[in-house]
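Reading through the structure tokens given below for one structure.
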Amino acid sequence: MLRKVTVAAVCATRRKLCEAGRELAALWGIETRGRCEDSAAVRPFPILAMPGRNKAKSTCSCPDLQPNGQDLGENSRVARLGADESEEEGRRGSLSNAGDPEIVKSPSDPKQYRYIKLQNGLQALLISDLSNMEGKTGNTTDDEEEEEVEEEEEDDDEDSGAEIEDDDEEGFDDEDEFDDEHDDDLDTEDNELEELEERAEARKKKTTEKQSAAALCVGVGSFADPDDLPGLAHFLEHMVFMGSLKYPDENGFDAFLKKHGGSDNASTDCERTVFQFDVQRKYFKEALDRWAQFFIHPLMIRDAIDREVEAVDSEYQLARPSDANRKEMLFGSLARPGHPMGKFFWGNAETLKHEPKKNNIDTHARLREFWLRYYSAHYMTLVVQSKETLDTLEKWVTEIFSQIPNNGLPRPNFGHLTDPFDTPAFNKLYRVVPIRKIHALTITWALPPQQQHYRVKPLHYISWLVGHEGKGSILSFLRKKCWALALFGGNGETGFEQNSTYSVFSISITLTDEGYEHFYEVAYTVFQYLKMLQKLGPEKRIFEEIQKIEDNEFHYQEQTDPVEYVENMCENMQPYPLQDILTGDQLLFEYKPEVIGEALNQLVPQKANLVLLSGANEGKCDLKEKWFGTQYSIEDIENSWAELWNSNFELNPDLHLPAENKYIATDFTLKAFDCPETEYPVKIVNTPQGCLWYKKDNKFKIPKAYIRFHLISPLIQRSAANVVLFDIFANILTHNLAEPAYEADVAQLEYKLVAGEHGLIIRVKGFNHKLPLLFQLIVDYLAEFNSTPAVFTMITEQLKKTYFNILIKPETLAKDVRLLILEYARWSMIDKYQALMDGLSLESLLSFVKEFKSQLFVEGLVQGNVTSTESMDFLKYVVDKLNFKPLEQEMPVQFQVVELPSGHHLCKVKALNKGDANSEVTVYYQSGTRSLREYTLMELLVMHMEEPCFDFLRTKQTLGYHVYPTCRSTSGILGFSVTVGTQATKYNSEVVDKKIEEFLSSFEEKIENLTEEAFNTQVTALIKLKECEDTHLGEEVDRNWNEVVTQQYLFDRLAHEIEALKSFSKSDLVNWFKAHRGPGSKMLSVHVVGYGKYELEEDGTPSSEDSNSSCEVMQLTYLPTSPLLADCIIPITDIRAFTTTLNLLPYHKIVK
């Protein structure tokens, strides 16, 4: 995949954003997070979706932890082969797990590290994680592993727990892969539960804690693409997976990993390509050997090339409707001719298949040439992490990876191609027409490469100030004028933003309608703030405050998922010396005002590039970017503004540096228990007004706490208008808190407000010392809620854009349609959009909020370094401050679900973005009110299904890039589905539906022929996943909170699921699947159909893409069924009419 990043959280700015700030940003259109599984995540222009991933890191200066040793460089230890290897192990003697003292690590990090360099030049970092093994070292026997499992079982990990989602459980679901414009992530309970589920499922599927993991970074990326084969580096990243000389099966590595509870991924950046995987420890050595063949002797057979080109092309098609990717490609096009920043990194069928064929280029031969030239051992850095001794890991790595060839050629170097954007076209105003409804201004500077200044991190210092949201900040000033909603600035350190040729500094501001009309004034405000910083010069007080905050975070650093960790470390090995491998991208080491000042002084109007993104630009843009079809225009800066900015303009007295931060923790004492220790949360308060669950942490032993409350009200779901008013309320409350709570955020105290389906969710976490101050601030603002007419108008106008932007995405519309059919009394996004368009008043909002606060049931969970007495104070503060009455009767926090009739029902609707060829096809089978045992059996079924589903529908049939089966719990009602993201330019959605049915038929035969050994292996794999220990406290809290927020309270769910798994037989699996696929099966297909030649309009004519065009009227357009499925399906052409005739299933919780 091409690597994507999000801006924010600043990963881009590298300052940590508050949770609420991220939510506002998400709502208003600044991209703040992303996943990178061949996905496009997002960041503010210009680095919106380039290869790169979210590398949000805390930073810290910790001079007392610096090593006395020097960078070992070429003099570092070289692992020797054969007899030398034994000699090396013998030399260490009793220090069999001794790490390298040169490598600086956090005092909280229990792992051991060793650096080696193989004779072929490959550099490797070995990570031995023997924590929680009670002194065990070396290889354990299978019996010892079983003991280890039993010991760890009490931890009751969340990884594969049945996270029952009130909306629907998206287990094994990748449908957010391209959800890179997070402006549409509204704070709703389904998203709260989805977020919990995504975390658990991501760990189960991709980053399961305490799995063994490895990552390898090749120091070459898309910059090395030949001019006549754009996208070749990205294509090669795909092709090496397609079998090797030693293991020729095309899908063999994925199949091996799935069989043993693992996963893999890869990504291509400008100057790096990264591969990573995780797997159960028992199979780690074999997995390493299989994986290493990618780099030793991949087959890359001709037959696979044409099919995998389609996968790359589908990835590109999925990326095309993303404003992030469109802006990135436009920005790259501004580079000097011949500079690699201007290349088309994605690749597609045109560049990798059709054009080469036309020009007699042998793609297969060129692919192999590229591999031979650039996949050389001396360009590679490898990281492996496992519960093995360092000597064992060294032996394995030496034995396996020494086989990777070294061609002896110098690594490609692009450092001489500096100043890529030193062109007349850069310092202009670019108006761009977006896909989404949004107004945004991005100001960008191209600076000399900053990597060499990593010990000072000047751009981090600057971004910390530019992105500040407290008094005196840019955003505070613009918010008071109702011109802006969110601002992010900085450099995300992705390959697109920071490479050997330049570094970017960008400031992206989400504008209101009024702010769009005053965008020049907005830019002027930014320039005034920067001028103020330049006149004052770097401030040591500010630098040391950042150091203090980040020092706290580093010292009490929590562990991360192994696969994420090794991925990050293998990249860190490329630019950083040995002692800084773990810290180079996190810590601030030295205060050098001259370095900061040099970067700061370049941020002047005369060197800035301005991009104005707005639908209002439509009709004014006569240019079109080649690859993504982005409409844009180029203008000189208006004379009056250009003259002002070139003059010695005045400073703005409302802009100033932030005051000293009162939220920085200074007390890190671990508190004593004031009640008996418990394995799971216990209810310590239970009144008619609310209840509180509590668990004191005694496992991770860090001075942090998590506070979560759910304020439940029946008022919200009474009408679509009420749901919208609740969204407005939550977002105005977040807006009101942004400035006063920002200091807490930068002090590593985070909060998030979620407008749930049935109540307001408050989440607060961080160092426990000052956490009560933040919690009380939130509750105070909630109790005294108010809004001005200007803020109300600003938020409601933006909410219209947000709803619109959700609806134009095929994957989110498909989900909305599916849940509208299944969940009774659910208000769809279209209902909400219409209610908002019909008009709501500030008076109606204030009346709604008053009624909401008057009668509630409050449920909370407090975990961490907090006593039970302190925990009860949190609930008491909410009750006393809001002074509400209890609910008259108990209220369910889930919807009722309709019972689908037997048969195959199809709801086929037109996508709402006419410029989008992407279609989404989901085939869903409803099971019903089932037990926990049956849920676990369904999990096992989907785990069996995952790899053959990918192999059949993507690899062999090439139907689309995103292909996945899913376990679903829709308000407690079980089901499973298969989803394919395809394109109307390639396939009719009903062809895809039939192929899904074809796959399920073949899968039935596959599991019938499954051997007992293969069945037991998969059962063991799922058990192992569920037995994995939590990496940090937040994971345990997520799992427990999921039980509380869904009112199921089965805190030992994993133990029950493991017990169920041990009782299953192959016949249980086969019979369950057949029962749901038989004549009485309840099947629902949802098709959201894109625009392209294989799909028809309502009048029967072929549809076509209309770039940059969306339907202004947000309503479902039902499409007729084609003859392909007409004989076997029951069409749904009116959802309300269909569902009103159906029976309702009872409320159901999966607790037995």
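The backbone N, Cα and C atoms fix where each Cβ goes, glycine too.
Just one of Glu271, Glu286, Glu315 is listed by Swiss-Prot for the same Zn(2+) site as His234, His238, and that one is Glu315. Compared over the binding-site residues His234, His238, the count of CB atoms lying within 10 A of a residue's CB peaks at His234. Distance from the CA of Glu315 (Zn(2+) binding site) to the CA of Glu237 (active site, proton acceptor) is 13 Å. DSSP assigns Glu315 (Zn(2+) binding site) to a helical segment in the three-state reduction.
All protein chains considered, the CB of Glu315 (Zn(2+) binding site) has 25 other CB atoms within 10 Å.
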